[in-house]
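Written below as structure tokens is the structure these notes are about.
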């Protein structure tokens, strides 16, 4: 196989330690172009920029890769990379390493995973990587060998069009990680509890807070795998049709 | 059945003609509380506001409903409504009527549909309505009877938890609408083509533009139904697991 062209993006921003680690890993594997947000874009989901403009600029950072900083969301970054920056379609798109888990329902809020899903919409091979550690100085070294393995396996075993991978890594030392487990998206949700405050002018405002409620104890759920010390891999698709409910719905609208 | 409590939201903003029409329709059916963005939020997908604050205020608009204008995204509106505004869990959440179609892949970019999906995550009955007409002064009257019919049928036939409806209405006179068709999400995508411009200071900037590429001619795809003059209803779920690829993935990571 000739040297692959790899696009790297994320949602924590182009200077985040997580993306710099991911760049180091893929620099050994292929020719790397980074197109990532110029500011944190966590929780941006699949947002795109319609009502304002976008821009990007090339940065001069250490390493053989090319780095482009983009003003938009993670999904904007993928779109701009494909239309304006990359010399050809990339062989792989990797997103992350996210500072914080994107398991279960978080796949839908996550800019990291939305970038990977957008690459899937474009018919590309794509993987999102997240580490269950929100800290800026999280230890990404422990996961390095696993990430390299998953990337190489994906290049050797291309996925069908429309499928991308959501990889979540527990916050453990390398020697304590039990292995890699293929999983489904756990049934879980956030229980919101907005934190109400009053501004100096007497007006109320709110911070989004809440706690995570895992309602899924099943053996093959990604949350279970992470709790048990495994790296979880969920194959993700963007066809959101609930096929299993179509018959009943047809009987209602016949 | 006692009078249902209905939450209304959208992504075009609380003053958009589409949401005002939807409010008129549901005012006849139940007790209505509107929590909608105070500014246009098209294309915001499932974005939530993590790194800045949110606020809302009650407006005094015509009609029996209560109107709350919220500073966040459509998904923020649903979260705030449930945690801070509604007296109890609503019996139904309706989003729209969107100015423009949200069929096929647009479900993933759409703030209107993401609000409905978020309600589904909360275990609520939810429907997103969109009219295939981007104009602010689009004629929402033609679809009124169909929308009422779909809302009443949904209240009478509750969906399983985790399923919401994506309803798209063709831009036709009422008498030319052929009926309602249960569909799957069409396989389609946007072919991006950023419009490059130069600002007065010599720096390049871009507008996201593109054309819609429908790759799905199948009879039960929502794009096909719309083209043929039907209202399309796609049951949508937020479990994005590609179950059909799990066996093969397991063989790669065994």
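All positions are counted from 1 along the displayed chain.
Every residue, even glycine, has its Cβ placed from backbone N, Cα and C.
Those TrEMBL annotations? Automatic predictions, nothing curated.
Positions annotated as divalent metal cation binding site by TrEMBL: B:11, B:12, B:42, B:98. Per TrEMBL, domain 'Survival protein SurE-like phosphatase/nucleotidase' is recorded for B:6-192.
Location within the structure of each feature annotated in TrEMBL.
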residue : record                             : DSSP (3 states)
B:11    : divalent metal cation binding site : coil
B:42    : divalent metal cation binding site : coil
B:98    : divalent metal cation binding site : strand
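Sequence-distant contacts of residue B:12 (divalent metal cation binding site), defined by Cβ-Cβ distance under 8 angstroms and a gap of at least six in the same chain, are B:18, B:19, B:40, B:41, B:42, B:98, B:99, B:112. On the 0 to 100 pLDDT scale, the model's mean across the domain 'Survival protein SurE-like phosphatase/nucleotidase' (B:6-192) is 97. Sequence-distant contacts of residue B:11 (divalent metal cation binding site), defined by Cβ-Cβ distance under 8 angstroms and a gap of at least six in the same chain, are B:37, B:40, B:41, B:42, B:44, B:73, B:74, B:95, B:98, B:110, B:111, B:112, B:114, B:115. Those binding-site residues from B:11, B:12, B:42, B:98 lying by chain A, with Cβ under 8 Å from one of its Cβ atoms, are B:42.
Same-chain neighbours of the divalent metal cation site beyond B:11, B:12, B:42, B:98, judged by a C-beta within 8 angstroms of the site's C-beta center, are, in sequence order, B:10, B:13, B:16, B:18, B:40, B:41, B:74, B:96, B:99, B:100, B:110, B:111, B:112. Between the candidate binding-site residues, B:42, B:98, the densest Cβ environment within 10 Å is the one around B:98.
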